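Visitor: For reference, TrEMBL lists these features for the protein:
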ACT_SITE  Asp377  active site, proton acceptor
ACT_SITE  Tyr462  active site, schiff-base intermediate with substrate
DOMAIN    76-144  domain 'Copper amine oxidase N2-terminal'
DOMAIN    162-259  domain 'Copper amine oxidase N3-terminal'
DOMAIN    306-707  domain 'Copper amine oxidase catalytic'
MOD_RES   Tyr462  2',4',5'-topaquinone
REGION    290-311  region 'Disordered'
Amino acid sequence: MSLKTVLILLGLALATIFALVCVLLTRERSPRSCQHLPPEQEEDVEDGQSLVFADLSPEEMSQVVRYLQGHLGVPLVEASRARPSDNCIASVDLQVPAKAEALRFLDGAGARPPREALAVLYFGQQPEPNITEYVVGPLPVPAYHRDVTVPKYGGKVPYHRRPVTGREYADINALVQGELKKAPRFLAACCESDGTDLVTLTTAPRGFKSGDRVTWFVLFHNVAGTGYYLSPVGLEVLVDHGDLHVSRWRLRQVFYNGRYFASTGDLEQEFVAGVLEVVRLKQPQADAVLGSMKPRRPPGSPGPLQFEPQGPRYSVRNNHITFQGWSIAFGMNPNTGPRLFDIRYRGERIIYELSLQEALALYGSNCPGGMSTRYLDGSFGIGRFAYELVQGLDCPYTATYVDQHYLAESDTPKTNQKSLCIFEHDSALPLRRHFSDSQSFYYGGLRKNTLVIRTISTLINYDYIWDFMFHGNGAVEVRVHATGYISSSFFHGQGTDYGNRVGPHTLGTMHLHHIHYKVDLDVDGQLNSLETQDMEYEFVKDPWSTQNTIERPYLRRERLEKEDEAAFPLNAPMPRYLSFVSPNPNKWEHPRSYRIQIISFAGKHLPTSSSMERSISWGRYQLAVTRRKEEEPTSTSIYNQNDPWTPTVAFADFINNETITNEDLVAWITVGFLHVPHAEDIPNTVTVGNGVGFFLRPYNYFNEDPSVDSSDSVYFSSEQDAGACGANPLACLSSATTCAPRLPPFHFGGFLNL
């Protein structure tokens, strides 16, 4: 063997040894993957009971559609193609079982309730067109249906109250496009447009009296990839679409820059005659349009990341969640959005139902579309328009994501994948703590870790973030944040009386957001009473110095006996402590109670003199407590939007001064805020300061704070080694987190089902 060959082999050997050393060193430095451990065993073991509240599966929805198609004896047109003169299936959802029946099953005293669906049908091809609701069951193989419309609403539901479908909007848009062609020279001058690149935005309600179906549509420049809501062109049209035959629909009026016209032809005529004042707008450019959300800088280094070193500490099975003593059944109504049932803590039911009811957005403007807008978002579909969540932004990257299914305006079920998320949140705040620097030296505390259930609804321009949070001390927090784009009007005249100018020709119009919730608390049983507590001052002579007086605060307690006493007007003073109380005491002889604490800065409610106020009469009250009735399941109806003058459900009728002592009670809660858009709402509204909600807090329900039993509790004294892992869980983190989280590849498919 030559010297050259020996040297080559020696070199290869050294290179191999060097490579192996590098691999070993790199492997030592590389964090190992985190080892996931199962969640701690919960007190109550899921046995499928929560499935009585589970949303319908796509298969169940399809079975209901097939059953209705074969058993109603009338022709049904697929809803996405149906004209007003057709019959169609508008929606299919779960029919929630009656509470008494559900509780008998949940508490082991009765059989499982039959699983049923609620189907809403529009019957346009009948001598008397109407909306009919059927309960269909039992699932999964339906064998019966019954008409529940009259028992539920006290009469038939007129056809004009139906929500507007996608097909109806498409036909309206075709009509508007045809009318715009009658004003080509005006459009070219005002907007550098032929009309085809303008987009319409609906308003609601639709008219001034029952039976009307007349809607103002606001026109905007449409620029792909950005929110058109900030680019109004000053043109609005009033469309009458009440007739069953689309060919008879008409454009009633036109508004432009402060003036009203009978038609687009009249508008064109005045422009050609030179008597129309025109504001000439340039066609917006995608790279400079008002409201673009495209990043202006390249990505920087990533921010802090929340992850579970040993896997989630909660468990999700079907529609059931358990977490450190909490047990929750969850679901989604396609109209009203998220709903929770049978919420228990440490095995005891605290809340039977916690559900969103309605979201109102009421606007002011000096343009007809803006000034007449009172959106009732349940009519559009709060749950239906909860789309896929973006992991790492809408929710923590490692959250659990759940698909939601719905059937609306189609005979085929649709899926909004990953549209609800569940995660444990470290709020970076102590739940409780104390540092002792007196007598003895010690530290004790507990991190504020919370289970969060979240979904986000996009309702035209606005995005609502719905949170339900479960704390380690037995408290429940409900919160909503508003973000998305503001709605706007064309800036003209005295526009700043109704908002702030946020662009060259854009007025950010003032509006209020009012949100309504149903809270069916069952505190230590179904029979509860309502107790208030507040402070007063009494002036007394000092017992030790009778020539002096002292202002001594004392506690004033009161039991409210009637519903009228328990209806607290919006923005009026309310007792600072208001609780659902049980007849049973805790160890200290106080009634076991849960306190309702509202965090809200709502705007003013619509005056009761308004012809449409009764349709949103729930907004009169920040809190109203009523006796629970099966025939009062919701505070509003999807049919109230298009006929607010004769509401299908009027919440004010729920309050009829019945006794509320030792009864099954429901708390109806309104939260909200006034929003006056400003420059910083561009490109869109931030969540900071735009969050409201309420707490449900244990008040003498326990004998002590239940979080003392948490395995996350921390305590060490001056006589201990605080760095000892066995005594202090925080000292274990350095070794427990020497692993890297296993993050799945980022994926987003939220545009697929649009």
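From the backbone N, Cα and C atoms, a Cβ is placed for every residue, glycine too.
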Visitor: Let me make sure I understand the structure: which of the active-site residues listed (Asp377, Tyr462) has the fewest other Cβ atoms within 10 A of its Cβ?
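Guide: Each of the active-site residues Asp377, Tyr462 was scored by Cβ atoms within 10 Å; lowest is Tyr462.
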Visitor: When DSSP states are folded down to helix, strand and coil, where does Asp377 (active site, proton acceptor) land?
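Guide: DSSP call for Asp377 (active site, proton acceptor): helix.
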Visitor: Between Tyr462 (active site, schiff-base intermediate with substrate) and Asp377 (active site, proton acceptor), what C-alpha distance do you get in Å?
Guide: 10
Visitor: Please work out the mean pLDDT for the residues of the domain 'Copper amine oxidase N2-terminal' (76-144).
Guide: 98
Visitor: Count the residues of the domain 'Copper amine oxidase N2-terminal' (76-144) that DSSP assigns to helix (H, G, I), to strand (E, B) and to coil, and report the three numbers in that order.
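Guide: So the counts come to 8 helix, 26 strand, 35 coil.
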Visitor: With DSSP helix as H/G/I and strand as E/B, how many residues of the region 'Disordered' (290-311) fall in helix, strand and coil?
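Guide: The region 'Disordered' (290-311) comes out at 0 helix, 0 strand, 22 coil.
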